[in-house]
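Encoded as structure tokens, the structure appears first; notes follow it.
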């Protein structure tokens, strides 16, 4: 009878050990799978962080290039303003030349008027001389009124001398005006030549600057398009990164919960490990110390509790039969 009870007790102990071994293997598999999943998520998070850093560096580079293009555009605009001011200055010089040309025209008119007065004075002198000759002829013919005629002749001579003096003054003025007119024409010609050369140079510089501005504007437009493209890509990556971060946060919360459950299971298992073999009324209780490292869920913990309760019932029945 005692041998039968001993055999029944050994069979019951073997069944309990096989039950706990299968549960331990399931918990180890779940813990390994969970750790692998955590490692994969951490690797994905690091890869997304590296991609985000690369995109940020590219955006900074494009931003610096656009700022450089804006500086070149501003410099070109300042140069354009200087060229416009020089053109305005050239317009003022042109106005001066036009004033000189107007003055030269006035001088030409004055010269023509003086020439007309000179011709008129010569005509009057010739007429006075003819009149004097005529008077002399009349005096010689008539022989009377010689004194009066001589006075008239003297007066006419005075008029003639004054006219001749005036003619000399007019001729002197005319010569001076002609010299001045020639100088003015030479100055005007040289100034016009210089002005044409300056205007041609300025127009060439303005054309070159306009072409450069067009090129810069094209580069700026390309830079803006590229920047918009990178901004769009950045927004897409940032949205993906936000989704990944949300997934990581959710997984981290799940990991924390699983870790909490794992800690609770380990505490329960450690409590079971501390069961000491003590005889009670002649009955021997075997301590159970399974090699459990992780528990994956609350169901495993419940299974452990049920197994412990079953072992306690078996021990109680065995003790009752002996009594």
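Glycine residues also receive a Cβ, built from the backbone N, Cα and C atoms like all the rest.
Over in Swiss-Prot, the protein carries these features:
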- 28-278: coiled coil (COILED)
- 13-26: compositional bias 'Acidic residues' (COMPBIAS)
- 1-55: region 'Disordered' (REGION)
- 73-92: region 'Disordered' (REGION)
- 120-143: region 'Disordered' (REGION)
- 1-297: topological domain 'Cytoplasmic' (TOPO_DOM)
- 319-323: topological domain 'Mitochondrial intermembrane' (TOPO_DOM)
- 298-318: transmembrane segment (TRANSMEM)
**Complete:** Sequence-distant residues near the region 'Disordered' (73-92) by C-beta distance (under 8 Å, 6 or more away from its ends) are 195, 198-199, 202, 205-206, 209-210, 212-213, 216-217, 220
**Asked** Using DSSP, what's the helix, strand and coil tally for the region 'Disordered' (73-92)?
**Response** 20 helix, 0 strand, 0 coil
